[in-house]
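Asker: My questions will all concern the structure given below.
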Amino acid sequence: MKLKTSLFKKGLLISDIKRFWWVSALYALALFFVMPFNHYMQYVSNTDINDINSLNWMKERIANEFYFNGGISQVFLIAVPVVIGALVFRYMQKSRSASLYHSLPLTRTALYFNSVLSAVILFSVPILFNTSIMLFMNLFSPLSAFYSAALIFTWLGCTFLFGIMFIAMSVFAGMFTGSSIAQLAFVYILNLLPAFLVEFVRINLRGVLYGFDTYSNIDFYRNMPMFRLFDMGLLSEGAAAVITAYTAVTLALFAGGLFAFKLRRPETAGDIITFRPVRPVFIYGFVTCATLFGGAYFIQIGNSDLAFAISGYFISSIISYIVIQMITNKSFKILHTYKGYVGFALVLVILTLGIHFDVIGYVNKIPDPKDVKETYIGYNLYWFEHKNDPDFDEKKYDNYDTALYKDPKNIENVTKLHKYLLDNKSRNGNQQYIAYKLKNGKKIIRKYSIDTATHASVLSPIYESGEYKENRYPILHQEANDLKYIEISDRRIGKSPFIVSDKAQLNSFKDAIRKDIADLNYQDMVSSSQDFITITIIDTNDKQIIYALRSDYTNTFDWLKKEGIYEQVIARAEDINSITLHSIKYSYGYQNYGKSFSGSSMSDIIEITDKAVIQEILNLSLNADSIDTDTQYIISIEGSSGTHYNEYSLKIEGKVSPELQSYLDKIQQQIQPQNDEEIE
């Protein structure tokens, strides 16, 4: 009781509340208008209130706001506590008021305690006020259908936890600066800086260290307070541990703030940094962040060129060092601080050269195949890192991008690919990860540009292996009982998809498509067809895999015909009145695609009604490449009912029938005069 009497000072508490009651009042009103009042107005203005879908929509929207999954109340929660924390300790940031307060016959502990208590009260009153209103509405208004005591108290608890923690951050940050503006900035820097540093270190290393890349550690970000607040508050997994951790952090920040408050000298009011030992940390921390930011920018615009990166490092570091020295010294006369930059620049040079010359052997490190347990090539590193987690949802990921290689021969092939990529460095192609899990539990992860055409010689042994096909095409190891149904569709014309769920038919389908997949070679698997005809397989776990049928899937087409499905789904010449053919040139995109194709004003349009030629074009379309080429044709199909279907691009090359060739020649003859006119 004696300790309580000595710490609690009613006069100080009332003084703070009298000065800053308006902040609390504004916060109470703002919360009232964005939560209970807004919820009630939504109810009143909703004319479909008797509609179950409308009720569910309102219920979900209100619940999301209580769970911090959207809504302006989240913004209030990261702003108001920080401002209150800065206001109640505002007296520290002015020389006269700081001296006045410290001259009072009070211990610094009592002064600190009452200021913190004032901040907590100013923040808590609006929360409790609106909680009372929402509880009242839950009992005596139509909103009882959307509110519940559990929902309201969950929001109350989360709001108190986050709000008081942000007050603690604000108070702690305020002890190290003599500026209220800097205090506010430091709070948000404290929350965002770790994520900023991690991401920009990644960007810089990715630009200057060949093969470096890692995925963003989402779990690391989510556990940071402001990120967590915008990610369903505390209601995601691990909430109990996070609540315990945040409570401990809050207490530690208040304790750290008290310790710093006792050591802080009143005459430092107005200084950006109040403790001299902290100044170098602040200065070089600021310069480091600016250097990383500048380097990342120059790496992006310079396409990872080392000279650009070095220029970015030194330009941004010099500018940031000059600016921060002017701010901390409150003077333009900072020439005497040049030695500090020389030391920083020397460290920067050593690190940059060390990374460039790969002194630790990172770039050229290829594991011995005998030491590798499994390896992975693909786009989804997150899957590779978390596939064995107990709560990992495998159904979200494509088999195409989840291929693991455990066969010793394939592991050796992957290391050969790795060596080839190092010997022939290039940034052309699709960025893919090469990841190894070693037998000792360690992992080696790299990311390179892999081009299926340029690197065909080293990729083909991997793609043509049984292990690759087993991963990419699950039907190779699935049985009829593993399948729920398949859906066959052809998007070239408007025939309805056909669904097969009979186990006997699924079994015969499985046998047919397995034969076709077994015959696929490397070029078949890497070609980018337009996937006009697809078979979607849904297994008993509701995982969906789509197989595109090319013309060389002869066994599958024979199965479709045998089962009587072909005529019902697949486009045939008998289903089409005519095909309109038009030549169009591309250069990295559909430059002329915007021109109207359906009219007859364009002279290079040919209409084909010959059934044999129509069937030939339909057959060619199954292997149509979706990648832009120098010359393609655009086809427009008119069905037997007179319906016009979508236009498709089509590549026609190699040997074709004399009849089709005659149509192509006519198009070229019509194009030539147009080209001559353009030249003139």
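Heads up, residue numbers simply count up from 1 along the chain you see.
Glycine too: its Cβ is placed from the backbone N, Cα and C atoms.
Given the structure is predicted, the values throughout are model-derived calculations rather than measurements.
If you look up TrEMBL, you'll see 20-37, 66-89, 110-129, 149-173, 185-205, 239-261, 281-300, 306-328, 340-363 marked as transmembrane segment. Annotation comment: TrEMBL describes 436-553 as domain 'DUF6449'.
I'd like these features described in context: how deep, what's nearby, how far apart.
Answerer: For the transmembrane segment (110-129), same-chain residues at least 6 beyond its ends with a Cβ under 8 Å from one of its own Cβ atoms are 6-9, 12-13, 16-17, 20-21, 23-25, 27-28, 31-32, 80-81, 84-85, 87-89, 101-102, 104, 156, 159-160, 163-164, 167, 171, 254, 257-258, 261-262.
Packing against the transmembrane segment (149-173) from elsewhere in the chain are residues 63, 66-68, 77-78, 80-86, 89, 115-116, 119-120, 123-124, 127, 131, 134-135, 138, 183-184, 186-187, 190-191, 225, 229, 233-235, 243, 246-247, 249-251, 253-254, 256-257, 260: each is 6 or more residues past its ends and has a CB under 8 Å from a CB in it.
Long-range contacts of the transmembrane segment (281-300) within its own chain (CB-CB distance under 8 A, at least 6 residues past either end) are made by residues 193, 196-197, 200-201, 203-204, 206-208, 272-273, 308-309, 311-313, 315-317, 319-321, 324-325, 328, 340, 344, 348.
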Asker: Across the whole of the domain 'DUF6449' (436-553), what does the mean pLDDT come to? Round it, please.
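Answerer: Overall, the domain 'DUF6449' (436-553) comes to a mean pLDDT of 91.
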Asker: Is the transmembrane segment (306-328) packed against any residues at least 6 beyond its ends, judged by a Cβ distance under 8 Å, and which are they?
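Answerer: For the transmembrane segment (306-328), the sequence-distant neighbours (Cβ-Cβ under 8 Å, at least 6 residues beyond its ends) are 204, 207-208, 271-273, 279, 282-283, 286-287, 289-291, 293-299, 334, 337, 340-341, 344-345, 348, 352, 356.
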Asker: Under an 8 Å Cβ to Cβ limit, what residues of the same chain, 6 or more beyond the ends of the transmembrane segment (185-205), are close to it?
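Answerer: Distant contacts of the transmembrane segment (185-205): 82, 85, 166, 169-170, 173-174, 176-177, 212-214, 216-217, 220-221, 224-227, 289, 292-293, 295-296, 299-300, 309, 355.
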